[in-house]
Amino acid sequence: MDDTATAPLLTSHKAKPSPAKPPSIDGLIETYIGDTGALQLLKAIFVAFAWAFDAQQVFVSVFTDAAPPWHCVGNSSSCTASMTPATASPCALPPDTWAWDRPAETSVVSEWALQCAGHAALVSLPASSFFAGCLAGGFLLTTVADSRLGRKRTLVASLASMSVAGVLTAFLARNVWAYAALRFAAGLARSVVGTCTLVLSTELVGKTWRDVVSVAAFLCYTLGFLSLPVLAFALREASWRSMYLWISVPCLCYAFVLYFLAQESPRWLLVRGRTQEAVETLHKIASLNGMSTTDTTSLLSTTVDACNIVREEEGGGGMFATVRTMSERPWAIRRLAAIMAAGFGVGMVYFGMPLGVGNLGGSSIYLSTTYNAVAEVPSAVLSWLLIARANRRGSVVALAMAAGACSLACVAITNQGARMGAEVVSFFAACAAYDLILLYTVELFPTSVRNTAVGMVRQAMVLGGVAAPVLIALGRERSSVWSFGVFGIAIGCSGLFAACLPETRGKTMSDTMEEEEERSSVDQSGPIIGKYADSGDIV
């Protein structure tokens, strides 16, 4: 009797085991493709090279829109008496008493006489229009890579459109208004280049190499920035239109090659439910990594179906479904608002400092811009070290504080050499903070909304860039408090918002919003145990 009564209890206990948790996409891909091989790593770095062309489009106006040097003509006493270090432009002098050192077509300022426009907003209009285009494109196009086109096709289309806009700028810009409109179009096209590049390149490799590929993208951006002073110096006697042709035509060729060489993100394909395409992509990656793909298709498909991937609810319901998905979750809104606030101040300094080097005096614009470009190299190395060894949250706050202090120092210091040094250090810290914030955003949000989140953070950075040219022009006309002073206060205050974010160092990236919420609930309920014990995930 006792045995009879006990048996059902034992049977029932054995018949209801704890359901096994389905594997994550990240774990599935890691298991299937094995360690990232050299060829796959090179492919990911080739994708990351798109950031070089992105940097050229962002900072080309440092040279094309700069006021060229000028000199007095003959023995004009009025001109000689007016030449003081404080002289910003020769527009107050009689036209026959001065001349540009180079042909007028070397800069839009000299070609269209913008130095005498009398209004800082008109001088800064083309640069501000570019960043305004970036801002508009971010809101209109960011979700496309998550919902419709995917990472690869969105990146290729953006690169090609940006290149075409650059070529049209060289041939069709006949006045400042047409030039500003074409710069707006270029900004609209490039708005998602950086986002898609970072997300696609990191999703094509295993988590072991993710940090390396991210740093490679930052170094490619540095390479593009560093190429500009070299190119500008070589073309210093040529028209400013030549600069746009030299940066646009190679970019168009690169987009063509990228379309045939790069692969779509298998993570995005799986989240979108395009299992067969994901299987084919993973086969190619596994082959490059030296893994056998024989008789694995059915096993992979079965495992994918077991992942319970959310499709229609997370990015499958339309172009702006990913925005709606985040807006329905308070934790996602809080994260996005905090990281965007931090990005605003960082973007203002990052995009504004190179535009303001001419206000510091001292060395030539070529040398000053080279200093800033070279500063991106150690900043990328610092970013890599911080990514590998330090917490994201504390690093962003510390870098923002350092950049703000050095920017304020540019206002207080009178020595030109010391001011240049403080500016370079401020830009260096802002560069490292810029890189960290982008990677931080990648880790804060799951695959289903990741591209949208990164894109919105970049738009917050660009919003800071929209204001930067106007502040630089005001600083040139009035006082450096309007430029470097505002920069310092903005980045110092906005950087504090990063302290409100959860730490993500060592955390495995989530695939869906539900998975991220599950991890958050585990962390909030007490000490992290089991599979999350080594992740360092604090929410």
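Glycine too: its Cβ is placed from the backbone N, Cα and C atoms.
Look at TrEMBL and you will find 40-506 tagged as domain 'Major facilitator superfamily (MFS) profile'. For the domain 'Major facilitator superfamily (MFS) profile' (40-506), the model gives a mean pLDDT of 80.
According to TrEMBL, the feature region 'Disordered' maps to 1-22 (among others).
Per TrEMBL, region 'Disordered' is recorded for 508-539 (among others).
Per TrEMBL, transmembrane segment is recorded for 120-142 (among others).
What TrEMBL records for 154-173 (among others) is transmembrane segment.
Sequence-distant contacts of the transmembrane segment (179-200), counting only residues of its own chain at least 6 positions beyond either end whose CB sits under 8 Å from a CB of the stretch, comprise 47-48, 50-51, 53-54, 57-58, 61, 108, 125-127, 129-138, 140-142, 144-145, 151-152, 154-155, 158-159, 161-162, 164-166, 168-169, 172-173, 214, 217, 221, 262, 265, 438-439, 442, 450-451, 454-455, 458-459, 462. If you look up TrEMBL, you'll see 179-200 (among others) marked as transmembrane segment.
Per TrEMBL, transmembrane segment is recorded for 212-231 (among others). Tertiary proximity for the transmembrane segment (212-231) is limited to same-chain residues at least six positions away from its ends with a CB under 8 Å from its CB atoms, namely 41, 44-45, 48-56, 58-60, 62-63, 194, 197-198, 201-202, 204-205, 243, 246-247, 354, 366-367, 369-370, 372-374, 376-377, 379-381, 383-384, 387, 435, 438-439, 442.
The transmembrane segment annotation in TrEMBL covers 243-262 (among others).
Within the same chain, residues 58, 131, 326, 372, 396, 400, 403-404, 407, 423, 426-427, 430-431, 433-434, 437, 440-441, 444-445, 453, 456-465, 467-469, 471-472, 483, 486-487, 490-498, 500-501 sit at least 6 positions outside the transmembrane segment (336-353) and bring their C-beta atoms closer than 8 Å to a C-beta of that stretch. Residues or ranges marked as transmembrane segment by TrEMBL: 336-353 (among others).
A Cβ distance under 8 Å defines the sequence-distant neighbours of the transmembrane segment (365-387), meaning residues of its chain 6+ beyond its ends; these are 59, 62-63, 66, 211-212, 214-215, 218-219, 221-222, 225-226, 228-229, 232-233, 353-354, 357-358, 395, 420, 423-424, 427-429, 431-432, 435-436, 439. Here TrEMBL flags 365-387 (among others) as transmembrane segment.
Per TrEMBL, the feature transmembrane segment maps to 396-418 (among others). Packing against the transmembrane segment (396-418) from elsewhere in the chain are residues 342, 345-346, 349, 353, 360-362, 425-427, 429-430, 432-433, 436-437, 440, 480-481, 484-485, 487-496, 498-499: each is 6 or more residues past its ends and has a CB under 8 Å from a CB in it.
The transmembrane segment annotation in TrEMBL covers 424-445 (among others). Proximity of distant same-chain residues to the transmembrane segment (424-445), defined by a Cβ-Cβ separation under 8 Å and at least 6 residues beyond the stretch ends, is recorded for 194, 198-199, 202, 211, 214-215, 218, 326, 332, 335-336, 339, 342-343, 346-347, 349-350, 353-354, 371-372, 375-376, 378-380, 382-383, 386-387, 392-393, 395-396, 399-400, 402-404, 406-407, 409-410, 453-454, 457-458, 461, 487-488, 491, 495, 498, 501-502, 504, 507, 509, 516.
Among the features that TrEMBL reports, transmembrane segment is placed at 457-475 (among others). Proximity of distant same-chain residues to the transmembrane segment (457-475), defined by a Cβ-Cβ separation under 8 Å and at least 6 residues beyond the stretch ends, is recorded for 120-121, 123-124, 127-128, 131-132, 134-135, 138-139, 142, 191, 194-195, 336, 339-341, 343-352, 355-356, 359, 434, 437-438, 441, 481-484, 486-487, 490.
Positions annotated as transmembrane segment by TrEMBL: 481-501 (among others).
Panel annotation: around the transmembrane segment (481-501), residues 334-335, 337-339, 341-346, 348-349, 352-353, 356, 359, 392-393, 396-397, 399-401, 403-408, 410-411, 423, 426, 430, 433, 437, 440, 444, 464, 468, 471-472, 474-475 of the same chain, lying at least six beyond its termini, place a Cβ under 8 Å from a Cβ of the stretch. Within its own chain, the transmembrane segment (243-262) has Cβ neighbours under 8 Å at 43, 46-47, 49-50, 53, 56-57, 60, 63-64, 152, 155-156, 159-160, 162-167, 169-170, 200, 231-232, 235, counting only residues six or more beyond its boundaries.
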